[in-house]
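Taken straight from TrEMBL:
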type	residues	note
DOMAIN	7-317	domain 'FAD/NAD(P)-binding'
DISULFID	43-48	disulfide bond
BINDING	52, 302	FAD binding site
BINDING	174, 175, 176, 177, 178, 179, 180, 181, 261	NAD(+) binding site
DOMAIN	337-444	domain 'Pyridine nucleotide-disulphide oxidoreductase dimerisation'
ACT_SITE	435	active site, proton acceptor
Ligand SMILES: Cc1cc2nc3c(=O)[nH]c(=O)nc-3n(C[C@H](O)[C@H](O)[C@H](O)COP(=O)(O)OP(=O)(O)OC[C@H]3O[C@@H](n4cnc5c(N)ncnc54)[C@H](O)[C@@H]3O)c2cc1C
Ligand SMILES: NC(=O)c1ccc[n+]([C@@H]2O[C@H](COP(=O)([O-])OP(=O)(O)OC[C@H]3O[C@@H](n4cnc5c(N)ncnc54)[C@H](O)[C@@H]3O)[C@@H](O)[C@H]2O)c1
């Protein structure tokens, strides 16, 4: 019998890697994890958490305006970017410490350095060779930056949390999660925002009616959109960056933010030395158990490019640890995955869109509620919420729920339980409304 330094070696202490390490160690495994940047990974250090805190910080801009209609006189209000930035980064530091404590208290050995494969059972971290019976790759993804002249003048979501000053003008490339979230943040904070996207719409893959609603509201708020737009090059100017489009036009900006997707972190990992195969899209190829082409090597999270969300990476990591060292062999269910765009207003979505349900079930019933939230009415804020339920006609099951409006992500999480449980529209209707709320619309749709 060959002996190894560890039962499990995890590469990457982000969402998936930390969960897998902690659970495996709890099952009695001898675990080590390598992290080349900061324990916590993208979500904690430069993703979900600081982003959501900026969303909260930015929303005071509208709340303070609306407050007047509710009788509050707020004189001399002013926003200070360094205060928000530094408080957010302080919270990130606190969480980073908590994640490290979690690893330490679970007797997981943390190696602060970059890990690369030497062979299928050996990794090197800063020149030190370590062997393991099982290896888990949880290296995440990084922002994609297209290869156009001057691309390096732009920043990515990695840098956006550290800006020295609040930019007067921001151009954001992309029409997905990150682009719409930061368009909302910067616009509320007072920057002049332009979102440019190569396709003619935003939020591809989302229920189109909701994406259209976000576009309409964002335009009404004053965010500029340049859609169906090709980027030619970025040029440094005396006071910022000039963005040149393929139609010959240009726009000047202080900050250019790339938000055109994320690519799996596979480069320089030595995956060839270990014999780990990649998919056609350059992600680590895995089966439903997150097992790679090498049976004792697993991969979870963004590096596998399945669904790039933290709760998915966490579940995948947990399932691997349970499978290898626990008593429960289970698989992640990807069929009902709630997700949200923390734009202004935010969107929440779970299950199938109308188009997907038509493909899957043939006949579907659609129920919508298009309403102005009570708070917006008194605030004279002409922003309507839109809720949409997708029901499979034959079974009456609710197979999709899609919402845009205040607090949609908070409401959507509860709806996801109902959809996961396979509840029917009749059961939604049987539920007594909670009045006065926005979410009561979910049980009142006729
Ligand atoms: C701006 C932004 C906002 C987001 N908001 C949300 C949100 O609101 N909700 C949500 O669910 N998801 C959100 N996401 C996505 C979420 O952050 C990711 O899906 C999640 O972090 C993936 O977890 P992971 O474990 O696969 O990788 P990560 O969390 O990225 O962890 C990978 C870790 O591996 C390390 N690493 C890489 N290579 C090596 C190596 N060779 N050696 C050692 N260490 C290595 C990295 O430094 C990193 O710490 C957001 C992402 C971004 C960028
Ligand atoms: N709230 C959340 O849960 C949240 C927030 C942020 C990020 N994330 C995760 O991180 C991932 C990455 O976020 P994202 O916003 O960068 O990606 P995304 O996939 O959401 O959107 C990418 C956008 O870039 C455009 N695009 C792609 N390639 C391009 C190219 N070569 N040139 C020009 N445009 C191009 C696409 O049309 C799309 O509009 C998301 O897919 C999501 O899974 C989640």
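The backbone N, Cα and C atoms fix where each Cβ goes, and this holds for glycine too.
Location within the structure of each feature annotated in TrEMBL.
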| residue | record | contacts (Cβ under 8 Å, 6+ apart) |
| --- | --- | --- |
| 43 | disulfide bond | 14, 15, 49, 310 |
| 48 | disulfide bond | 42, 310 |
| 52 | FAD binding site | 342 |
| 174 | NAD(+) binding site | 195, 197, 258, 259, 260, 261 |
| 176 | NAD(+) binding site | 202, 203, 204, 259, 260, 261 |
| 178 | NAD(+) binding site | 157, 259 |
| 180 | NAD(+) binding site | 195, 202, 203, 214, 218, 341, 343 |
| 302 | FAD binding site | 42, 140, 141, 262, 264, 265, 308, 313 |
| 435 | active site, proton acceptor | none |
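Under 6 Å, Cβ to nearest atom of ligand 2: this is the test, and of the recorded positions 52, 178, 180, 302, 435 it is passed by 178. Secondary structure from DSSP puts residue 435 (active site, proton acceptor) in coil. When secondary structure is read from DSSP and collapsed to three states, residue 176 (NAD(+) binding site) falls in the coil class. Secondary structure counts, DSSP: the domain 'Pyridine nucleotide-disulphide oxidoreductase dimerisation' (337-444) has 37 helix, 33 strand, 38 coil. DSSP assigns residue 261 (NAD(+) binding site) to coil in the three-state reduction, placing it in neither a helix nor a strand. Residues belonging to the domain 'Pyridine nucleotide-disulphide oxidoreductase dimerisation' (337-444) score a mean pLDDT of 98 in the model.
Checking the recorded positions 43, 48, 174, 178, 180, 302 for a CB within less than 6 Å of any atom of ligand 1 leaves 43, 48, 178, 302, listed in sequence order.
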